[in-house]
Structures are given as structure tokens and as C-alpha cells.
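Database features (Swiss-Prot):
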- 91-100: compositional bias 'Basic and acidic residues' (COMPBIAS)
- 1485-1510: compositional bias 'Low complexity' (COMPBIAS)
- 1518-1556: compositional bias 'Low complexity' (COMPBIAS)
- Asn256: N-linked glycosylation site (CARBOHYD)
- Asn564: N-linked glycosylation site (CARBOHYD)
- Asn988: N-linked glycosylation site (CARBOHYD)
- Asn1129: N-linked glycosylation site (CARBOHYD)
- Asn1391: N-linked glycosylation site (CARBOHYD)
- Asn1622: N-linked glycosylation site (CARBOHYD)
- 91-126: region 'Disordered' (REGION)
- 1475-1556: region 'Disordered' (REGION)
- 1577-1598: region 'Disordered' (REGION)
- 31-53: transmembrane segment (TRANSMEM)
- 57-74: transmembrane segment (TRANSMEM)
- 416-438: transmembrane segment (TRANSMEM)
- 477-499: transmembrane segment (TRANSMEM)
- 525-547: transmembrane segment (TRANSMEM)
- 569-591: transmembrane segment (TRANSMEM)
- 603-622: transmembrane segment (TRANSMEM)
- 675-697: transmembrane segment (TRANSMEM)
- 704-721: transmembrane segment (TRANSMEM)
Amino acid sequence: MGSQTLQILRQGVWASVTGGWYYDPDQNTFVNALHLYIWLFLLCFPFTLYMALQPSMVIVGIYCGVIAAMFLLLKTVNYRLHHALDEGEVVEHQTRESKGSRGGTGGANDPVTRREDSNGLGDPGGGIEMADFIRQETPPVDCSSRNSYVGMDLNQRMSSTHGRTTVAKAPGSEETVIFRRERSTFRRQAVRRRHNAGSNPTPPTSLIGSPLRYALHEADRPSGVRSWYRTVKSQPSRTPSQVTVLSTSASLLARNGSTHLEGSQDKASTVGTTSLQDEFGTLTPSLYEIRGCHIGLGNFESATRRASNNIWDTDSHLSSSTSVRFYPHDLISLHHIRANRLLTMDPELLEQQDDLSPDLQDAPLGQDNPSAASAAGKTRQYYRLWLLPFLWVGLHFDRLTLLALFDRNREVLENVLAVVLAVLVAFLGSVLLIHGFFADIWVFQFCLVIASCQYSLLKSVQPDSSSPRHGHNRIIAYSRPVYFCLCCGLIWLLHYGSLRTTSSRFTLYGVALTSSLVLASARDLVIVFTLCFPIIFFVGLLPQVNTFVMYLFEQLDIHVFGGNASTSLLSALYSILRSIVTVALLYCFCYGALKENWEPHHIPVLFSVFCGLLVAVSYHLSRQSSDPSVLMYVPLSKVFPQLRSKNPEDPLSEVQDPLPEKLRASVNERLQSDLIVCVVIAVLYFAIHVSTVFIALQPYLSYVLYGLLGAVGLLTHYLLPQLRKQLPWYCFSHPLLKTKEYYQFEVRDAAHVMWFEKFHVWLLFVEKNVLYPLVILNELSGSARELASPKRLDTEVGALMITVAGLKLLRSSYSSPTYQYITILFTVLFFTLDHRHLSETLLLDLFLMSIIFSKMWELFYKLHFVYTYIAPWQITWGSAFHAFAQPFAVPHSAMLFVQAVVSSIFSTPLNPFLGSAIFITSYVRPVKFWERDYNTKRVDHSNTRLASQLDRNPGSDDNNLNSIFYEHLTRSLQHSLCGDLLLGRWGNFSTGDCFILASDYLNALVHLIEIGNGLVTFQLRGLEFRGTYCQQREVEAITEGVEEDEGCCCCEPGHLPHILSFNAAFGQRWLAWEVVVTKYVLEGYSITDNSAASMLQVFELRRILTTYYVKGIIYYVIASPKLEEWLANDTMKEGLRGCSERNYVDLDATFNPNIDEDYDHRLSGISRDSFCGVYLGWIQYCNSRRTKPLDSEKDSALVLLCFGLCVLGRRALGTAAHQMSSNLESFLYGLHALFKGDFRISSVRDEWIFADMELLRKVVVPGIRMSLKLHQDHFTSPDEYDEPAVLFEAISTHQQNLVIAHEGDPAWRSAVLSNAPSLLALRHVLDEGTNEYKIIMLNRRYLSFRVIKVNKECVRGLWAGQQQELVFLRNRNPERGSIQNAKQALRNMINSSCDQPIGYPIYVSPLTTSYCNSHPQLRHILGGPISFGNIRNFVVSTWHRLRKGCGAGCNSGGNIEDSDAGGLSCGTSQSSQSVQSGLVRHSPARASVVSQSSSYRYSSSRHSSLRTSTTGLEPCRRSSTSQLSLRTLPTSLQLRLGSTSDPAGPSSSLSSHSIPPCKRHTLVGLLGNDGLCSTVTDPLSQHHHPHHHPQQHNPTHATVRRDDISYRVQIVDVGQVLENINLSKRKELQWPDDAMRHKAGRTCWRDWSPLEGMEGHVIHRWVPCSRDPGSRSHIDKTILLVQVEDKIVPIIETGVIELGAEV
């Protein structure tokens, strides 16, 4: 603890004051001395110039020139040295030892130059390369001549290829020199310091060191060239460390799956063994040696695997968060750490260079291995640094020493920027010095500031107090000089402005903005701020530059232009530019209007045009996202459709994600709607404004508008939300306005739209689109003339203020109207009744007060957070420091209030220091808060190597597997969040609000970032399912009810009915969160996990599973369309020939009499006879269900193939279980291996399967997966699957409705995100060293969540505190006090939701935008977007309704059916039978007419009320005989030309003779005699085909009844819908066909739900006690099948009303 404190004081506090300089005891004297001299020079040089010379530009010139030369030299040398270490030639000097003295000519060992190309271990993390691991050969640099030498390239003319040797030996030299060319590819990677991390799915593409790469090249060369390498290898120049690095890199290459090793594994293994000879001639095993420490590779792997499941487990973008990634000093040595750091790199953290702690960088050399030390003494490395083409300098240097000296600038542009900033700092600082802005001691202080800014460009503070991430942050180095230049420039501008004397003075609210006194005071304030830079940067009040720019643009866009929050630096820049361009365009209209002559009772027309455009443009901007990529995606996808094509090499290329297309459609719809609506709005408000209503009706119009606005705002944003809260006004114990789901124990349907929700939507619509525009236009009309007068702001400035203020107020009103009514009412009352003399026109008053009120709300939230956090009666001390800090915080309450005010002005978080009661202000942040675009990447088979999947099972921890549910929850929220917010289901909301969604197992924090008009951009952070103890306590706090609390102080007198007790009401007021709603309905997955061990514990249960496994294989092989091809395959026939013998018995030890049902005890194995005795009946039944049944006798090829496959499948299961199927653990291991597709074909008898791998993929794998589901069903109904028909139907149903896959399979993720109704998986979790197998069952349904609104300042403060504590203060204690539970602030849950590695969420979503037009209920209330397609559909629908109405009006009362069919009624259900079934299926002419007519109707009236049923037949229409046409022909045909199959029915005599002659003449004219005759005479041909027809699965050809399609109905009660009736296994209802059954229910509807008011055709009905089984209802109510669009809805008859027959 003491050493850590000293390190923080040294590297944090002192380095922040000096700009980066501090004494580092872990570095050598040269490094520390050089740092000190540079810093003293930067400090004393300007001070000396100022004191020695007269203040003039000479000082500026000298100072800038020296600084430019110095930085140019240092940056150039630094860059060149890094370049030399990257691509320079390594020069190895081997000294020869002869009895303790150095001498001799050294003729035995000739120096050799090698050139290698290595893309390997160059500089992982910005400064660790292969040479860093043998640093005993490169002692620290000093200034003696021993460390460098100058030589001439004597071999410059010789080719430097791999096969050439180059000799460069000086006469009489005592040393042998080997030049090695190393070129390394540097990755910007860093080792993440954290206490929990995930698994990296994407290891670096190449981590092969130079020796190994060379060895692999050598392995592919001819023997003549290879002999050269043996010569070099045999020399003692190759130290054990180098040999060991070679072998270890070979093992790394093997694990990394690189192409070099895959091509020649035998050669690589030769390199890894025969090449490992040291100078003693011994064969060195695979060792990893660092600084003389030999580490066996096997031990190394075990050590790293104890710390992580995967050697690449450091990517901070992963959901896994439970593994520990620290390497403490007492558990693992420095050498292990460096080896692990080499192998664990994070390719995403581009801002980091080297994360190696200073106390680890130069640890003393261990003397564990004398031989290594002696080898180190004999070999010294140099690097060639070329000065001229033939002149080079040999540098005795290494990477770590160079990085300890100066920060590395990787690009030339970075070096140029650093030099320019250093010179700019010198120029601006010296100019301020010579002009006398500083005097006395402040000159030295200013020189200290200059030195700190310049020194940070050489060696920056790492980590800085405002750094958002661990490790080296490249951007933070530029923060100080950039801020210094900004402040100096601002000082000069203010000073110049204060010296200018001008007659035009602008005053606002009594303040002269152009007064020299005001400008001089502001200049002095900036000067003081600049002098305080050391303290400011130490405290961390200024962020890194990119964060500051994003924050500044966002604040300007929100408070000046009325924009929304930004999602990135690019979006902030885009938003501010968009606002500036808009203001510039509108300014032209406003300026032109103000230049015209204004009459007292007349407004210029141009100003009315300006007002109309202002409202329209504000409406459009409020509906657009700040992210330009969303807007650009639509035109780019049209112009360049190839951009949307997938990469064929992408493993997920086959997975179709519907979300991007939905988003594109939503954005496209919104753009079309805006195009139309903006034109309408502009014209409408222009017409209103030009009518002079805003002048003629004054002042009464203003009073009416303010009164309406106040009443509507109070009702919409205060009364209704309070009445709907869980605890209204913290007095009532339940909501006063309850939803339909409030008392439901389990929600089964989508949330019902209540009347008050519709009322809220319409009030919000009127408020945003009518009241606010009218109020603001009213103020524009009354204030414009006065603002533009010379007494105020004059025309130019007045026009600008009018444009900016109007745009800001209108955009804010459209985007977030929650608190606008309070601002407007307060402003009107304050400036018209209380202080009229202070008013600067109500327009500017509103503009100013809107900014002040936003800051006041922020101050209110901050104070509320502070008070609830430090309240003495509920403070929870997480550590001893908290108890110590609590009393010391009391005397500083006044300072705390000042901090709260200042932090509210600048929108900075107020965070508790180390989680205690002491609060400090953090640096400014945008609304998004987190500076990194962090989002979780799930580990699955698409981003891990195959070897990892088979061996280590990456991503098998619960957190990684459970993250998919939060991803699905994000998708659900994307569809419904914006609409639910507008319906008021989450209460009041504003930008930056935070909510917690809590259910049984899902706990997610939802951060609302950007809120626009009809759009919300949010981020979801999912917490662990089974969190820590502290998380569980806080989850209990937000889920427990307080209604039953009866306490009052210290007694329990009870409470009034429906009223909270005193203690409960008091406690709820002292929380930083509140429960908004307890039953928020959202579609998700209910998760059921059963222990596989308990379900397979007994041999009998394993026997059942194996039986289902075999039957599943048989089902899939017979159902496969490739069965005949397999039976004819010669390779398979040859492989199965042995099995075809009569006396063949498979005696494999895998088979077990306790598990295999067909085990033959007499033969001690499985024979064909025993197999057929059990499974032949099942084979024959499956074969009978084929379209073309095959021979399935006992000796047939089909049975032989089934036998071979079943034996192979069980043998694969035994192989995966290591031949120990009797052992439960081994059986589960094998079952899981087969479930994920890991089949190991180990027997020669099974190699025939390789003839077609589709047998494994399409037969055996589905068989093992389906057996798991059938095994689960066995527990609910043990004997149900004994019948082959039931089992066959069950497998078919599961195959259609159930997704069974491994959770690592990309298909699993695709199914979840595609809203598959049910999923099943077998999960293997390694939890604390124990293997646990779970059967996971997911069922999609509606979930109930509690919505908790958290004080957003509480969330921002706790997040900022965690970031500072872990990054700057380096507190890595996993049980630190700041994450202990605090129920009043939900401290643990909020801190757990931070970005990894600061927090440990299992899922962090990308920034996701939800649009209101994707919410079906909101579309039903307000109507969809006014797009061109919707307008066309509306016109077509209206036209068809008019035609229907006109047809009904012109009807003479007669009825086609009544007159032509002997009074046959459309309503007869019992008597009439299916009169057109054969007609539909087997009449060619009839079928053609039906298809043409139905397709015509469907295309023409798809969106109209005249829906076409799925039968393809038009419902019967009541129309006059004169209206018979092609459009109504199919109905007439089906009603009159059919014949019944039931002779007992009253309609059995129906024939063509019932058609009148006039109608028959019409039909003949339309169809011809052949068509009509075939239609009439071919009704019974359906009986000629008794076998199953594939057409029966097509609803178009389904058999429907005449009475089932005779009328339309409207749904009036969705509670009568039977959405799960098609899933019943007991077959209560006889459906018309199976395809119709699959389409009639929630499993087919997916995101669609029937709503009240929907209309459709009745296509089938079940009546109680019907004679016909196909029409018999299993309950005492009539059930209808209603066709609504393309969906089929089963509903009880009482839930609809009949609309009558269609006309």
C-alpha cells in the first residue's frame, strides 16, 4: 500500500504538476538525468531570456528557434532510433574467452550478416520486441565510447538475400560480428490491467518471431542453401535465449494456426527440435527463456491457462467478465509477466503503447541460470543506424530504454504536429511575456506552465488524471499544449477587444457586452486560469482534446441551436455545421424581411415566409439523427447497391440480419414523410402568420396561448405521469391509473393500449405541433421589430438573434417538450408581472431562460444525488476510509454547494472521491459520457479458431453465453422504446436519463443519449445474471414493495387504505431512484435451465436418450432428399459391405447393455438382427411417409445404411466420451462434443462416412440434437412417443418450430435475433473448476419488467468516480469500498455497468436508435408516416370502399346466391360441404382463372379492406346479376359448379344445371366450353389420389368451405384470440390442413399481433357438437379462423362482429 501511494504521488501528482517529469527509481541514471536536464532547460531557458534581455521580439525569435531546433532534433532522433530498431540490422558481437583473458585473432568464428523479414514479434504494445526478452545482452546506455562505433559498410555491393553470407571482420579484432536484419510489424496493442477480462475472439494475425520465421523459410529451401543456416546455427552466437525464443515461437505458431506451419508441420517440428542446440551441443527442449530464466513451455501454458481459459483472453470488447487476468508479483515472476504480455495483446486499444509498469521494466537481472549469464556476457547486440549511404553507427540500445526516454510518435505527421505545437507554445508564451502580462513570481510560474506543456510532448503524464483508459494514451500528450494555445489566443483576443474603442455598444440585461472593463476582466480571468494549469491538470478538470471538442460542439448545438446530443466527434461536428448552415440560410430571409418597412398593423410577407420556413426546418431537424452515417446509408445503398453485398469469406455471410434493412426502411419512410409534412407545415404556418392574426388579436391571443400551453403541459407532463407512477406523489401505494397488466401474475400478450395512453399521445401531439409553434411565432411577431431597432441590437445582429432564438426554441419544443411549459410560464410571469423593466423582448427572454432552466434542473439533480448519498441515517460505509471521510466532509458543505453550482454550469459530473462522502468535480463530458465506442463482441465459432473450439471451448462461461439475451433485449427495445416513451410508459424523460430494467434474471441499465422528435438513441448495459452479493442486495431493494410497510418512526400504527405509511413515504423521498412502473411488457425469452446430470443420472435415462438418438438418425436419413444418391454411392456400398453379412456383429467396447436397447447379450455386441428387432418398425414407418417409398425390408440397402449410420453415431459418442459411457461425467462430455458438432471418426470401419460429409452435418448432428429435445419431452409424457406416428409428428413439428443448436454456433445467435419461437441448447460451463452441463430451453414470450428511473447525475457521478479511481489512482482492489452496495444510490449496479475493464457488464450494446414508426400501437393511434406508398394505399383503399358502398347502394335487394342457388345462404355451416375442393385442385382451366383473378385482386387491393383469403378464392359477394365480371367469377364458380363428396348433405345435388342460361352464356364466353365442362365434370378427381400430396401444405390449395368464406368480420376483443391453440399436442381440433395450423398462432406471427379493429375473412369455423369432425369445436364455443392480411387468427366467435358479405 505504501509503495503504491508513493507511486501515485510520484507518477500522478508530481508528474501532473511538471507535465510529465518525475524521478523514476526503476530507470537507470542516464534516463533520469536526461529527463531532468531537459525539463530544467525548458523551464530555465525562457526565464533566463526574459531576465537577461530587454523585452523585444528578439527573445521571441531566439526562444522559438532554439525550441524548434531542439524538438526537431529530439523527434528526428527518436523516430530514427525506433525505425532502426524496427528495420535496422542487428549486429551481434561474440567475444572469445581464453582462460579469463580476451585475446586472439578469432579466426574460427567468422562474422556473418543475415537479413530476415519478420512480421512477428516486433513491437507488441509499442515497445516490446524480441530483443527485449534477452536484455542481459544490452545493458543500459551511457555516454562512453563502448556503446557506439562508426564503421564503413564493406559489403555494400554484395547481395543481402537469405542464402548469402557476408563477412565483415576487422584485422586483429577480438569480437565476431553478426548482422541480422529484422523488420517487424508493429501493432498498437496493449495489455489491459484489470481484475476481470474476457476472451479474445480475434488473436493477432501474426505473432511469429524473426528466428522462427527465418527457420521456416530455411525449412523450405534446397539442401545446398540449407547448409548455410546449419553453419550459423552451429556457432555459439545463438544463445540459449535465442534458441528458446525460436522454439516457443514455433509453438505459438502452431497454436495460432498460421499458414507457414499448416503447410509444413513436419518441417516446423523439425525446426522446433533439431535446431535447438546450444553451445554445449545438448538438445534444448521447448523452453521460454527470459533473462536467464528457463521456463518449460508446458509449465508456461499451464500457468497462463490457470489465469485464463484462452491465451488471447485480453480483449476488452468481450462479454466474458469473470476470469482474472492479473499477474501479481507473488504468483508469477517478471519473466512470466513479460512472456504473457507478449502473448496477450489487445488490438482494439489503439491509443495505448506500452502498459508495462515502471517497476517491472528494469527489474534486476536474475542469476538463476549461470549458463545464460555467461552466454549474455559473450554476446552483445548493436543496431545499425545509417547516417550516410556508406556510413553507419552501431547503437548499443534497446526498445525499453528508448521508450523510457521519450514517448514514441509512430507517424511522421505526429512528429510534425509535436514540433509545431512546441514552437507555437514557445511563440505565444514568449509574446505574452514580453508584453508584460506577467510580473514578479508569476513570470516563473508562467515559465513553469510553458515547460510542462512542452515537456508533455516529449514524455507525457501516463496515466493522466483525465485519461479515460488504462495504459499509454497518445492523445493526452497533446492536451496541455492545445489548451495553452487556446488560452493564449483567447487572452490576446480579449486584450485586443478591450483596447478597441467603438461607439456601438451592445447591452443585454444591463450588461454592456462590448465594454472594455468586461473584456479586460475576462482576460484577467483567463490569465489566472492559465497560471493554474498545473493544479487544473492534476485535479483533472480538462479532458483530452477530442473529448473537449465533442463536448463544446454538443453544448453549443443543444443550448444555442436547440439540437440533440451527439454520438461521436464526427456527429458533433456534423450537427454544428448543419445548424450553422441552417441559420445562414434562414438569416437571409429574416434580414431581408427586417430591411423592409414595418407598419404597426402589418407584417412583411417575407417575414411570414421566414416564419413558415423556420417551423418546417425546425420540424425536420428535430426528426433527424445526429449521426450522418444513418442519413448517408439510404442514398448510398441506392447508388451503390454492391456496398450491401456480404463478403463471401465472412463466416456469417449466410446469416441474414433483418435489422439493417428495417432501419433503412424506417429512415427512408421518415425522409419521405418529412418531405411532404415540411411542405404542408411551411404553407400552413405561412398562411396563419400572413393573416396578421398575431397582431390583430393581441394581447388576448397571447393570454389564450399561454393558458392553453400551461394547462396542456401541466396535464401531459405532471398530472398524468404522477397518476401513472407506481407511488404517486410518494403518498399512494399503487398507481391511480392502472394498466390492464397491473394485476396479471404473468403477462401473456403485448401491452394493452389504455385510454389515458391514447390521451397522452394526442395531448403530446397537439402540444408539440400546434401550441409551441403558435406561441413561438407569436413571440417572433411581437419581438422582431423591437430587436432589430437601433436601440437594441440593430438589424444585422437582431436578425441573427431572431433566427438563432427561433430555431433553438422550436427545435427544443419538438425534441424534448417535457419541461418547456415550465420555462415559458415562468418567463412570461417573471418578465411581464415581476420585472418588466429587465425584459429584452420575450423572445430573447425565452432563449436565455431555456438555457438557465436546463442548468437549474441539472443543479437540482446534483443536489438531490448529494443529499441522498450522504444522508447520515442511510450512509453505507464501504471501507474504513468512508468512515474517516464522513465527518471531514461536513465542514466543507459550502464548498460542496459551490462545486455543485460550477459543475452544473459546465455540465460536469460531481463524483464521490473513492466512493466516500467527499465530492469533487470531474472533467467535462458529453451526454454520451464514455469516450470509447465500446461494445461487446460475443465469442462464438465465427470468431475463434477451430482448434480452440475443439480443445478449450472458448466463451463457455455463463456471462458470454448469456450476453445474447441482452442483445435480443436491445433489438426488442429498438422496436418499441421510442413508441413506449411517447405513450408515457416510462414516465417523463429527457436527454441523458438513465433507467434500469429489472426482471427475474435480466438487469439492464438503459442510457438515453439522443432524444429527437420521434427517435431515441440509447445504449443498454446488461449486468450479470448471478451478480455479486452487493448486486443482489440492490436488486432486492428495487424489486421489493413498500406497500405493506406499517412503520411510523419507531412504532407500527399502520397506514390508511391505499396510502403509504410514514416511514415508507419518508424513505422513498430519500432515494436517488424511483420505481416508474412495475409491469412494463417487452418481448423477450423466458429461460429454463435444467441440469443435464440429473436428467441423465440413471442408466435408464441414458438408454432412452440413446434410443431417441438412433431414431433421430433414422428419421433424418430417410427424410433427406439425398437418400437415393447415398444408397447408390459405390464408396458407401464398399464401406458397408462388411455390415451386410448375415452373421456380422459389431463388438466395439463402446456399446453398453445398459445404454443400447438393441444390444445382443449373446453376441456381446450389436448385430443387424438385434438392430432390426428394435428399429425396423420405425424405419418402415418413416419410409412410408416418403413421397416415393423405397424398399425397407430387413435385407434392403436402406436398412443397411441406417444400421451403419446408427452404429457410427453411437461409436462417435463413445469416442467423444473416451470409451467411458458408463461414467456420467464422460458421457456428458461426449454428448456435448457431439452436440456442438465435434465428431471424431476413430474407427476404420466408419471411414465410409467421408464419402459425403453431408451425412454428418444433415443426419447425425441433427439426430443427437433432436434426441435431447425428445428426451426432455419424455419427462412430461413418458409413453407418448411409443407410437411411431406421434413420434414422427413430434420430430416434424420440432424441426419446424424449434431451433436446436450449440450456443457457440452463429446460427444460434441468428435464431435468437430473428425471434425464433423456441430454442434448445446444451451448455457446458466450467465454474470454479467444476464442469456443469445444462439444458437451456428458450421460449419467446412477453416478459414483465420493473422500470426504475435513476437520477442521471448519480449515474454520471459514480461512473466518473470509478474511472478516476481505477485509471488514475490505480486502485485494483476487487473489494474496494466504492463498489459496495448502497441501496439509496444503487452504487454497485451503476458501477458494475461501466465500460470494461472499469466495470464488468456482460453486454454493452452499440449506440442504438429507435424510431417511433416501428411501434405498431403508436402507428395505430396516430397513423403511420405520410409517405408516398402510404398515400397511394390510402387512396386505393378509399376507392375500394367507395365502390363497395356504391354497389351496396345500387343493389336491388336481390342476391345472386338466393336467386341462382335455390336460396342457398351464405351463413349455412352445418349443411353445406366443400363444394369446390376438387374444382380447385384438378381443373386446369379453373385453376388458371383462379390464379389470375386472385393474383390480380391481391396486387390491386393488397392494402385495402377487400382482403383476399389464403384459399385464393374471392368471398361471396352480394351484388346484382348485372355486375358479374371476371373479378367475381371465381366465387360464382366455387359456389355453383362444385359437387360435394357427402351425398347426405342438402347441397349434394348442386350442379351446373342450377346456373341460369344467361349466366351460363357469360361463363362460356369467359372460359369456353372446355373450361366450363372440365370445371363442372371433374369434381371427384381428388379421390383418385389417396396418397399424401405435397400441395396440401400450401394454403392456396387447401380445402375450404363455402360458408367459411362467406362473410367478413371485425375483431373487437383481442382477449378472445387463441394464439397457442395450434401448438396443442392432443390434437383437439381437426384442421383443414397442417400448413394452416402452423400459420395460425404466435409461432408464425412473430412480431405481428392482432389488434382491435382489424378486419378479415372467415375461412374456417369449428362449431360445438358438429357431426363433421373437421368442423367440430372441442369447447362449447364456436371458433373462427379469420384471414387478416397474410396472417391467420383463431378467435372465439364472441370476439368478432360480422360485417356481412362483401360487395
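The backbone N, Cα and C atoms fix where each Cβ goes, and this holds for glycine too.
Separation of the C-alpha atoms of Asn988 (N-linked glycosylation site) and Asn564 (N-linked glycosylation site): 17 Å, rounded to the nearest whole number.
Listed in sequence order, the residues of the same chain lying 6 or more apart from Asn564 (N-linked glycosylation site) and placing their CB within less than 8 Å of its CB are Asp557, Ile558, Ser575, Ser622, Ser625, Ser626, Ser815, Thr991, Glu1010, Ile1011, Gly1012. Here the Cα atom of Asn1622 (N-linked glycosylation site) is found 41 Å from that of Asn1129 (N-linked glycosylation site). Panel annotation: around the transmembrane segment (675-697), residues 601-603, 605, 607-609, 611-613, 615-617, 619-620, 773-774, 777-778, 781-782, 1426-1428, 1431 of the same chain, lying at least six beyond its termini, place a Cβ under 8 Å from a Cβ of the stretch. By neighbour count, meaning other C-beta atoms within 10 Å, the densest spot among the glycosylation sites Asn988, Asn1129, Asn1391, Asn1622 is Asn1391. Cα of Asn1391 (N-linked glycosylation site) to Cα of Asn1129 (N-linked glycosylation site): a distance of 62 Å. A Cβ distance under 8 Å defines the sequence-distant neighbours of the transmembrane segment (57-74), meaning residues of its chain 6+ beyond its ends; these are 41, 45-46, 49-50, 406, 418-419, 422-423, 426-427, 430-431, 433-434, 454, 457-458. According to DSSP, Asn1622 (N-linked glycosylation site) is assigned to a helical segment.
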